[in-house]
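Chemist: What Swiss-Prot lists as L-glutamate binding site is Arg16, Phe17, Ala18, Pro19, Ser20, Glu52, Tyr177, Arg195. If you look up Swiss-Prot, you'll see 19-29 marked as motif ''HIGH' region'. The feature Zn(2+) binding site is assigned by Swiss-Prot to Cys108, Cys110, Tyr122, Cys126. What Swiss-Prot lists as motif ''KMSKS' region' is 233-237. Taken from Swiss-Prot, the feature ATP binding site applies to Lys236.
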Amino acid sequence: MLPFCFEMTSMSYIGRFAPSPSGPLHFGSLIAALGSYFQAKSQHGQWLVRIEDLDPPREMPGAADLILKTLETYHLFWDGEVVYQSQRHHLYQAQIDHWLQSGQAYYCQCSRKQIKEMGGYYNGHCQELHLDAGAIRLKMTQPITHFDDLRHGQMHIPLELAQEDFIIKRRDGLFAYNLAVVLDDIDQGVTEVVRGADLIEPTGRQISLYRMLGQVPVRYLHLPLAMDKNGNKLSKQNHATGIDLTHPASMILEAMAFLGFAIPKELHQANLDEILHWGVQNWRLNQLPESLEITARFSNGTA
């Protein structure tokens with residue numbers, strides 16, 4: 001359960017876009033931003049922006065401001081204040097302290113090599129050793145082996161992964177993504193998460209966290225991934241090029257085509273606000289591609 005009470009908002013639709021500041025927004029980021037924006041606005045909901053700056057060694061100086069500037073340039077205006085995870089460490093630590101005190105979490109000193117020797121999944125080796133340093137793992141009492149995706153139906157998680165006691169605070173003192181994102185979504189009243197299909201497996205762990213916290217899980221919608229011509233996911237880690245800030249309308253239209261919109265010719269003559277308004281009015285989940293990976297001509301807007 002939660003160590004203290006979150007201030008819950010109303011149950012009207014609240015979505016969010018939560019990029020990490022490890023580089024500029026690329027075409028794959030735009031897909032996630034647009035999908036979450038259209039899903040929220042088509043339901044007259046709020047669209048929040050949260051900067052997930054949990055991992056300083058991987059962050060690019062100035063990237064957070066550049067991301068926000070890019071969203072504004074593309075007229076993807078968010079509701080409320082931007083939230084930064086780097087300012088919320090107290091929230092994460094309070095929950096971890098509660099779990100440590102209750103015995104729900106424990107320290108682990110197993111190396112990656114040791115876990116590989118276990119078969120690739122952590123087997124709970126340190127659970128009863130009563131260590132006082134290392135990474136912190138959560139005892140998994142609510143494993144999730146499947147969940148319902150709003151577009152793709154039932155999604156399955158490998159049993160070994162679902163049952164694993166996963167890390168909630170790293171050995172280097174950095175907070176783990178799964179814990180932070182769930183606590184933030186609860187705190188911000190998020191009702192639905194729209195994001196890329198590369199996060200399907202973490203979804204199981206996040207639903208487990210909701211249940212262990214005594215909270216109702218959000219709904220999930222996973223969007224197809226934009227791949228480059230070599231079949232690699234467009235990502236900051238793969239050095240994907242930032243999207244063009246000088247021609248946002250054409251980039252928005254290309255991203256909308258990727259998301260399955262049948263774009264009328266006249267929309268190519270419309271301004272940015274008109275394009276986005278049309279997108280909100282014509283957004284349908286059943287138009288999204290069934291494939292979760294799309295290797296096509298899309299590569300940051302270039303053929």
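Cβ atoms here come from the backbone N, Cα and C positions, even for glycine.
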Chemist: Please give me the CB contact count at 10 A for Phe17 (L-glutamate binding site), counting all chains in the structure.
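Modeler: Excluding its own Cβ, Phe17 (L-glutamate binding site) sees 24 Cβ atoms within 10 Å.
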Chemist: For the Zn(2+) site given as Cys108, Cys110, Tyr122, Cys126, which other residues of the same chain have their Cβ within 8 Å of the site's Cβ centre?
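Modeler: In sequence order, the nearby non-listed residues are Gln109, Gln114, Ile115, Gly124, His125, Gln127, Gly134, Ala135, Arg137, Asp165.
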Chemist: As a quick check of your reading of DSSP, tell me how many residues in the motif ''HIGH' region' (19-29) are helical, how many are strand and how many are coil.
Modeler: 3 helix, 0 strand, 8 coil
Chemist: Would you mind reading off the Cα separation of Cys108 (Zn(2+) binding site) from Arg16 (L-glutamate binding site), to the nearest angstrom?
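Modeler: Given the Cα positions, Cys108 (Zn(2+) binding site) is 33 Å from Arg16 (L-glutamate binding site).
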Chemist: Looking only at C-alpha atoms, tell me how far Tyr122 (Zn(2+) binding site) is from Ala18 (L-glutamate binding site), rounded to the nearest Å.
Modeler: 28
Chemist: Three states by DSSP: which one describes Tyr177 (L-glutamate binding site)?
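Modeler: DSSP call for Tyr177 (L-glutamate binding site): helix.
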Chemist: Can you list, in sequence order, the residues of the same chain other than Arg16, Phe17, Ala18, Pro19, Ser20, Glu52, Tyr177, Arg195 whose CB lies within 8 Å of the CB centroid of the L-glutamate site?
Modeler: Arg50, Ile51, Val181
Chemist: For Arg16 (L-glutamate binding site), what residues in its own chain, 6 or more apart in sequence, show a Cβ-Cβ distance under 8 Å?
Modeler: Ser36, Trp47, Leu48, Val49, Arg50, Asp185, Gln188, Val190, Val193
Chemist: In the three-state scheme derived from DSSP, which category covers Cys108 (Zn(2+) binding site)?
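Modeler: DSSP call for Cys108 (Zn(2+) binding site): strand.
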Chemist: Return only the integer: C-alpha distance in Å from Ser20 (L-glutamate binding site) to Cys110 (Zn(2+) binding site).
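Modeler: Distance between the two Cα atoms comes out at 28 Å.
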Chemist: Which one is it: of the binding-site residues Phe17, Pro19, Glu52, whose Cα lies the shortest distance from the Cα of Cys126 (Zn(2+) binding site)?
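Modeler: So, of the listed binding-site residues, the one sitting closest to Cys126 (Zn(2+) binding site) is Glu52.
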